[in-house]
Every structure is written in C-alpha cells, then in structure tokens.
Amino acid sequence: MSHIRRMPKRTDTLALFDVDGTLTPSRCKASHETLEFLRRLRDEVFTGIVGGSDLVKQEEQLGPTILEDFDYVFSENGLVAYEKGKLIHVQSLAKHLGEEKLKNVINCCLRYIADLDIPLKRGTFVEFRKGMLNVSPIGRNCSQQEREEFEKYDRVHSIRSRFVDYLKERFEGYDLQFSIGGQISFDVFPRGWDKTYCLSFVKHIPVIHFFGDKTFLGGNDYEIFQDARTIGHSVTSPEDTVKQCQQLFNL
C-alpha cells in the first residue's frame with residue numbers, strides 16, 4: 001500500500017482507526033480491499049491507527065510498511081507514537097508505576113488465573129508491553145479456533161469482566177485503568193493512558209473522526225469514542241468501517 005506521499009485534499013481532518021474488529025478481524029490480517037480503500041482515503045484526509053498492540057503485531061495485521069502507509073501510527077494506545085514514519089514518543093509503565101507495584105499486579109493476575117476454572121488454558125497469560133500489561137485468561141498463544149471459542153464462552157460467563165472487577169477492588173489505590181478489548185484479553189495501564197492518550201499528538205488537526213468497534217462502556221474504544229475532541233463512529237466489522245467512510249467522505 002506504500003506510495004509517494006502527497007498532502008491530502010483536506011488537511012484539517014484526520015480519520016483515526018482502531019485495528020482489531022475495525023480494520024481487521026481480531027488478530028487477523030487486513031484484506032486487500034480494506035488496505036486499498038485506506039490508500040485512497042489518505043488522498044482525501046490524514047489517516048492514523050491507534051491500538052493496544054505493539055508495533056510488531058500491528059505490522060502483522062496491516063503490513064510491514066504501516067509507518068509509511070499512515071500519517072500517524074499509535075502503538076499501545078499512543079504510548080509509543082509515530083508521526084510521518086518517525087518515532088516521536090515512548091512512555092514506560094515500569095518507570096511510572098515502579099517495579100514493586102508492577103510485580104504485585106502481575107503476581108495477582110497469575111494467582112487469579114491459576115485458580116480460574118475455564119475449559120482451556122494455553123500460555124502467555126500476562127504480556128508486558130512498554131506502556132501496559134495485557135492479561136489473557138486463556139493465554140495469548142491459543143489457536144484462532146480456541147480464541148473464538150473463548151470469546152463465546154466469555155460472553156456467557158463474563159470471565160474477563162469479573163477478573164477486571166476483582167483487580168479494580170484489589171488495586172484501588174494504584175490509580176489503574178482496565179480495558180477489555182479483542183477476543184481473549186484486557187489491558188491494564190495507569191489512569192489516562194487509554195486511547196485518548198494519542199490525541200495529544202494531533203492537537204493541531206481540528207477535525208478527528210474516530211472509528212472503533214469496542215465503543216461500549218468498559219470497551220477499549222469507549223474513552224476516545226466519547227471524547228469531546230473526536231467525532232466517534234461505532235462500527236461492527238472492517239466492511240462496515242469502509243462503508244461508513246465511503247458515505248462520510250464521499251468516496
């Protein structure tokens with residue numbers, strides 16, 4: 001999708017996208033049709049992505065040239081931020097929280113998961129990222145089929161939301177925020193380090209349209225969807241995202 005960059009026709013507008021469930025099926029690759037549409041959209045407005053995953057996972061889903069293909073790439077909610085292909089900001093969870101508190105949170109999560117009775121458990125239950133922890137009751141290295149089965153199980157048994165409620169009470173004094181996203185996990189980060197964090201890097205753009213699928217209370221798109229600095233659009237799939245953009249931007 002990479003091409004020589006020209007300024008878009010509308011330099012006052014940014015189309016900012018969540019990744020999982022918005023531009024791609026959860027943890028899967030974007031379709032050629034979606035990527036081609038994003039290329040055309042970038043001729044009209046500035047484009048950007050914001051997600052909880054690190055850059056490596058974003059590249060797996062959207063291609064190895066995403067730093068060239070989008071004007072803004074915000075990994076880990078913008079705690080690792082790129083503008084025009086250049087790294088402009090890195091924030092550290094370990095430095096902010098401190099090793100002792102971080103260790104307490106990780107140990108608590110692992111104990112909770114050890115006692116959790118669910119049909120399947122695999123591996124990588126807590127993933128440490130630069131700006132957050134990603135916690136998965138089933139484990140991140142489950143297969144795609146196991147991922148989908150857990151999502152269905154979680155809808156019925158509220159495994160993640162109950163886990164989050166427990167952690168909120170347990171670490172009330174740590175000023176942490178918990179955000180459920182994707183199919184199998186939730187993120188843990190200091191309050192204010194949700195997706196609205198990335199908006200500080202685009203203050204010069206007056207109109208920001210945000211597109212996301214987890215826009216409900218407790219979802220990881222909720223805060224930025226509700227933020228006064230954005231015009232929020234709730235989507236149900238990559239196809240719905242493209243359709244809404246076509247209507248909005250007359251493409």
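For all residues, glycine too, the Cβ spot is worked out from N, Cα and C.
Summarising the annotation, Swiss-Prot assigns active site, nucleophile to Asp18 and lists similarity to another entry as the type of evidence. A sphere of 10 angstroms centred on the C-beta of Asp18 (active site, nucleophile) encloses 27 other C-beta atoms.
Other Cβ atoms within 10 Å of the Cβ of Asp20 (Mg(2+) 1 binding site) number 24 in total over all chains. Look at Swiss-Prot and you will find Asp18, Asp20, Asp213 tagged as Mg(2+) 1 binding site, backed by similarity to another entry.
According to Swiss-Prot, the feature active site, proton donor/acceptor maps to Asp20.
According to DSSP, Asp187 (alpha-D-mannose 1-phosphate binding site) is assigned to a strand segment. Note: Asp187 (alpha-D-mannose 1-phosphate binding site) has non-local neighbours Gly52, Asn77, Met132, Leu133, Asn134, Val135, Phe178, Ser179, Gly181, Asn220, i.e. same-chain residues 6+ apart with C-beta under 8 A of its own C-beta. According to Swiss-Prot, the alpha-D-mannose 1-phosphate binding site annotation covers Arg27, Arg129, Arg140, Arg147, Ser185, Asp187.
Swiss-Prot lists Phe225, Asp227, Thr230 with the feature Mg(2+) 2 binding site. Thr230 (Mg(2+) 2 binding site) falls within neither a helix nor a strand when secondary structure is assigned with DSSP, and so counts as coil. For Thr230 (Mg(2+) 2 binding site), applying a Cβ distance below 8 Å and a minimum sequence separation of six or more within one chain yields Leu16, Leu199, Ile208, His209, Phe210, Ile224.
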Remark   = For Phe225 (Mg(2+) 2 binding site), the spatially nearest of the binding-site residues Asp20, Arg129, Arg140, Arg147, Ser185, using Cα atoms, is Asp20
Message = Taking only C-alpha atoms and a 10 A limit, tell me which of Arg27, Arg129, Arg147 are near Asp20 (Mg(2+) 1 binding site). These are the binding-site residues.
response = Arg27
Key: Same chain, 6+ residues apart, C-beta under 8 Å of the C-beta of Arg140 (alpha-D-mannose 1-phosphate binding site), given in sequence order   = Arg122, Gly123, Thr124, Phe125, Glu127, Asn134, Ile184, Ser185
Inquiry  = Name the residue among the binding-site residues Asp213, Asp227 whose Cβ has the smallest number of other Cβ atoms within 10 Å.
reply    = Asp227
